[in-house]
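**Q** Handing you a structure now.
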Amino acid sequence: MVAHRARRRKRASATELYKTCKVAGTCPPDVIPKVEGTTLADRILQWGSLGVYLGGLGIGTGSGTGGRTGYVPVGTRPGTVVDVSIPTRPPVVIEPVGPSDPSIVTLLEESSVINSGATIPTFTGTSGFEITSSATTTPAVLDITPAGDNVVITSTNFNNPLFTEPSLLEIPQTGETSGRVLVGTPTSGVHGYEEIPMDTFATSGTGLEPISSTPVPGVSRVAGPRLYGKALTQVRVSDPAFLTQPSSFVTFDNPVYDPEDETIIFERPSPGTRVPDPDFMDIVKLHRPALTSRRGTVRFSRVGQKFSMRTRSGTNIGARVHYYHDLSPILPTEDIELEPLLPPADPTAEESLYDIYADVDEADMAFTGGGRGATTYGGRITPSVFSSTLSTRYGNVTIPFVSPVDVPLHTGPDIILPSSAQWPFVPVAPADTTHYVYIDGGDYFLWPVTFPVSRKRRRKRLSYFLADGFVAL
């Protein structure tokens, strides 16, 4: 077994260690010289700088910026720094003030010459100016009328018909196209207008359809729900109770109201809670159902939301599941083979058709097929074998009939009976003694009633139709 060495933790920088260990005196031996610049390399540079001037080259333990003047290419002269002197302000002369000097500082400088200004003349005696006074009694009249023609001032009012009082307008009758002059108050003015009928440009429809400003051409299809994406888990539910009681798969409660076509919201399941169906574990929401057609079936679908975890921000995270139940398959259309309707062999019945409501004489019927039934003769019901093929003088019509008894059928020629108003005589009870009957003639048939069939015994194979022969009973 290989032992893994513990990972070495990085030590703090020398500057950070120096701040804490210098006071306590627990610094490693390489921290203080590195921070204070007393390493062997620093001392060699300090000793060598005493005899060699290396200031311009920037060799030292500084930041490596080339000193004060910076790096200069070899063979060139370093730049000269010109000091621009700033002019200094002249000093203010401070005059000392003695203790006997006044503390009030005069704003004006003292002067020994005083200018008194011009002298005022004085008048003496009676000589001098003469003062006269005059008075006028005529008032001054000013003519303010300007020269030229007189000016006449007029005013004009412009009325807006949009703000005319509605009660003063006389509305014309419907369909009137002649001009009308409306006279109202002096402020309303006189207006004339004409009513123009509007034409309808609709070429189709009844006029009751909703009007749309931007009609969509063609037929717009509503997008169906996306239930078969990678984000949904497909789960098939075979229980038909999923159609009417979907909440019974999530909880054991039996609610009074269980919505069938709405979204169902459940409480958050507590850990360890059992559910009726394991496929519905951790379900907190079942969306409303949708009926879709998928691969030849009618499908009932619901989308469920699971509660798996909750983030610190309060967001619930869980998978989405598509639960579906197939209602019925949509089978393809079955092709039924139709038999052609051939014309009858008898040319006289070429245009005849079989009418199920027509009154067909029972004496004109001939039974050629097999089947079970009952025939009434004088109030007595006698079991007989009905046919599946009717032969009449109007043509042959085949009526399918399924018999529960295995009756042997043998093909033979169609027998057309002569038209007669009476049925062949059938004795009610057989004679006591057995008589032999010899029949010698042409074609004939035996009435099926004479051969009763027992349900318990197996029927013997017997030909019902004979032709050109002797029969002995």
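Each residue, glycine too, has its Cβ placed from N, Cα and C.
Here the structure is a predicted model, which means the values were calculated and not measured.
For reference, Swiss-Prot lists these features for the protein:
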type	residues	note
DISULFID	Cys21-Cys27	disulfide bond
MOTIF	1-12	motif 'Nuclear localization signal'
MOTIF	452-462	motif 'Nuclear localization signal'
**Q** Does DSSP put Cys21 (disulfide bond) in a helix, in a strand, or in coil?
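**A** In the DSSP reduction, Cys21 (disulfide bond) maps to helix.
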**Q** So among the disulfide-bonded residues Cys21, Cys27, who's got the most Cβ atoms within 10 Å?
**A** Cys27
**Q** Tell me the coarse DSSP state (helix, strand, coil) of Cys27 (disulfide bond).
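**A** In the DSSP reduction, Cys27 (disulfide bond) maps to coil.
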